[in-house]
């Protein structure tokens, strides 16, 4: 993010920063154990506060100002912001609803068995499938294990439950087992899609922010830079929120890190698309800014805050959310 360069390059640099901070957060899986939930919940609360502040000062406020300066809406200058905000929230909601249609209603047991190959299970290994407790996880906002603990938590089933892996593989010949293994990897790819899909609006927000520079007095390079920094800050604990539960479920540390940073890889692509689209359709800019804000606020209220509150650390998450809001507000007002 260097002042004076084209919006496309600025957007690329900004979203590469947000991706890099996602990877940095995911790398904490090498340091923290899966049992240190307080750190994760406090970080998620801080991220929620940062995103809420950024959604107003870096997105909604410029959108309203652009509508007012256009002299097209008069006293209804709030309409583009309201419409864009609603459509942005609806976009993320519909993306959530699409997940079950893609197969997310199935038990994602394959996540806990990423290190296993697809050959049939031998008799001596079958006993391992009936352990005292079986670990699994939930990631994202999909509908996995609705009767269990909230998203991102490792939960334990009671003894005596037969592993789905045993049900699927124990009686299969090698060809059938290989087919089942391919199906498991398909579900893994779908799960990665669920993890990354809500990062698309964040990448769009950065791209739209840089594409809007100079359109109004409040649409400045500093505001766009602060928005990218804010989203990068909230991506830091988000990377850990993906990698830490995977590690707790038995996935190797390196694979947990890989899948954690992968969730931020989509942001540079979305950011570039946002900048290019705004350059081609400038009248849509107020709607686009509000769209990004609505998507971000929906993610915060539907995903980040509930997950931060799910494990008994609600007060900690609430206060770190307040602190995150103040930090981002100070960045936007003081450095904008």
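Note: Cβ is positioned from N, Cα and C throughout, glycine not excepted.
Checked against Swiss-Prot, the range among 167-187, 188-208, 209-229 recorded as transmembrane segment is 188-208. When Swiss-Prot is compared with the stretches 237-257, 258-278, the one noted as transmembrane segment is 258-278.
With a threshold of 8 Å between CB atoms, the same-chain residues lying at least 6 positions outside the transmembrane segment (258-278) that come near it are 7-8, 10-12, 14-16, 18-19, 21-23, 25-27, 29, 192, 195-196, 199-208, 210-212, 231, 235, 238-240, 242-243, 246, 251, 284-285, 288, 292.
The stretches the transmembrane segment (280-300) and the transmembrane segment (75-95) meet in space: the count of Cβ pairs below 8 angstroms, excluding pairs fewer than 6 apart in sequence, reaches at least three. Remote same-chain partners of the transmembrane segment (316-336), defined as residues 6 or more beyond its termini with a Cβ less than 8 Å from a stretch Cβ, comprise 38, 41-54, 57-58, 218, 220, 222-223, 226, 229-230, 233-234, 305, 308-309.
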